[in-house]
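One structure below.
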């Protein structure tokens, strides 16, 4: 078993049930969606949170803390934009090739990323975070990456997903660690964190788990059988890390 797959399976096990079963558990991101009817046979997945958690931003953050929140939202929003365009490119390639089965798998993962982008756009507005100024560049590069790997082969497309989601999953973990001092201040006299911050952390956990499930799917669908898998993964992974660093500032 490769180290990438091992990390993915370990993270997925730590995170809990797979996305196949998320209709039975509460999803933090659904706090930003209109309430949906529920029944005893189909329980609601919407968490109970205060209006303050989804409409206001912490008023008493230090400049460093505000910079952290701003950076987290900007990077993640840009990342989800990129993911959407990668899957758009892969879906286009599968349609061109007439590969309906892989196209359906790509569409399912793409739908998940569209939801992520919607929620991060809510967070960007709520916390008045500055979005990246490089949207057009990320769109073009991401679509090109998705389309080119999709045209190469199904396995190459899945190798692209594996590489991207490995980096993104690790990055979400890093962000969650960075948020811990805000969620659990060392000073016992500190006030409780603003309700938007625990909600944000739960959303990051949810999205991390989604990305790791995409990684698992990619591996199961032959990612590591792609020609030049190691080189392809290294190049794509390095590109993702550079994009993250750039978006932290720009």
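Placed from the backbone N, Cα and C atoms, the Cβ positions cover glycine too.
All annotation found in TrEMBL is predicted automatically rather than curated by experts.
Model, not experiment: these values are computed from the prediction.
Secondary structure at residue 113 (Fe cation 1 binding site), taken from DSSP and collapsed to helix, strand or coil, is helix. Residues near residue 113 (Fe cation 1 binding site) in space but far in sequence (CB under 8 A, at least 6 apart, same chain), listed by position: 80, 83, 84, 87. Annotation comment: TrEMBL describes 80, 113, 116, 211 as Fe cation 1 binding site.
Among the features that TrEMBL reports, Fe cation 2 binding site is placed at 113, 165, 211, 214. Residues near residue 165 (Fe cation 2 binding site) in space but far in sequence (CB under 8 A, at least 6 apart, same chain), listed by position: 211, 212, 214, 215, 218.
Taken from TrEMBL, the feature compositional bias 'Low complexity' applies to 38-50.
Feature annotation from TrEMBL assigns region 'Disordered' to 31-62.
Of the listed binding-site residues, namely 80, 211, the sparsest CB environment within 10 A is found at 80. Under a cutoff of 8 A between CB atoms, and with a sequence separation of 6+ in the same chain, the neighbours of residue 116 (Fe cation 1 binding site) are 29, 80, 83, 207, 210. Residue 214 (Fe cation 2 binding site) is surrounded by 27 other CB atoms, counting those within 10 A of its CB over all protein chains shown. Excluding 80, 113, 116, 211 themselves, the residues of that chain whose CB lies within 8 A of the CB mean position for the Fe cation 1 site are, in sequence, 79, 83, 84, 112, 115, 117, 168, 207, 210.
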